[in-house]
Amino acid sequence: MEDFVRQCFNPMVVELAEKAMKEYGEDLKIETNKFAAICTHLEVCFMYSDFHFINEQGESIVVELDDPNALLKHRFEIIEGRDRTMAWTVVNSICNTTGAEKPKFLPDLYDYKENRFIEIGVTRREVHIYYLEKANKIKSENTHIHIFSFTGEEMATKADYTLDEESRARIKTRLFTIRQEMANRGLWDSFVSPKEAKKQLKKDLKSQELCAGLPTKVSRRTSPALRILEPMWMDSNRTAALRASFLKCPKK
């Protein structure tokens, strides 16, 4: 599973997931399913934000090409992926600026058009079950919940899906592709079932022992557009949208 994650996700997404797991004292070598889940969630958050701006008239627009003459503001502030201290700093700043109620738990995004925090969920189970779990945990009407599944289903607070159909279709297609690629490698069942995951982990560890002496080569390919991710990610005054040119999973 770890090899799959490193091949199928952009290196910056992988790096952020590694930092998140390290912050919580989790070992990605052991909790490989969680590693894959975090990378998937991060990518969905980026894709949710991608290309969405607010123009001078305060209208939400979708722009896929940079126009240096356009005075545009990013519609979404990405909170997910930051360390906890920085994330809460961003949340507090948003609350002070907009008057929004401070959430009890760290949300994933803030929508400047609708003036609300958003909690993104990606589930391997039934969307309505995961939605209810999120709602019961958050217990706040001020945080909007949007759940996606790997089967193309989705569920959102008051059936308000925030994004246009095309933007949501991009996310659903990516999730379906991840599922298919996992299935092709025999990883999907273990990703869904904890029991299967334990069997897969034992199998992977045994395989690593057998291959310990073999030379390895790691791909470091990064699309040119994604090289702007790190400075854009850390800079609240981002100047360009994160492009949706995520690395495609190489065929085995």
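Every residue gets a Cβ built from N, Cα and C, even glycine.
The annotation active site is assigned in Swiss-Prot to Glu80 (among others) on the grounds of similarity to another entry. Neighbour density for Glu80 (active site): within 10 A of its CB lie 22 other CB atoms from the protein chains shown. DSSP assigns Glu80 (active site) to coil in the three-state reduction, outside any helix or strand.
Within 10 Å of the C-beta atom of Asp108 (active site) sit 23 other C-beta atoms, taking all shown protein chains into account. Annotated active site per Swiss-Prot: Asp108 (among others), in sequence order, evidence recorded as similarity to another entry.
Under the three-state DSSP scheme, Leu28 (site 'Important for efficient shutoff activity') falls in the coil class. Its Cβ taken as reference, Leu28 (site 'Important for efficient shutoff activity') is surrounded by 20 other Cβ atoms within 10 Å in the chains shown. Here Swiss-Prot flags Leu28 (among others) as site 'Important for efficient shutoff activity', drawing on similarity to another entry.
For Leu65 (among others), the entry in Swiss-Prot reads site 'Important for efficient shutoff activity', with the evidence type similarity to another entry.
Per Swiss-Prot, the feature site 'Important for efficient shutoff activity and nuclear localization' maps to Lys195 (among others).
Positions annotated as site 'Important for efficient shutoff activity and nuclear localization' by Swiss-Prot: Lys198 (among others).
Marked as site 'Important for efficient shutoff activity and nuclear localization' by Swiss-Prot: Lys199 (among others).
Annotated site 'Important for efficient shutoff activity' per Swiss-Prot: Lys202 (among others), in sequence order.
According to Swiss-Prot, the feature site 'Important for efficient shutoff activity' maps to Lys203 (among others).
Under the heading site 'Important for efficient shutoff activity', Swiss-Prot lists Lys206 (among others).
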Coarse DSSP state, helix versus strand versus coil, of Asp108 (active site): coil
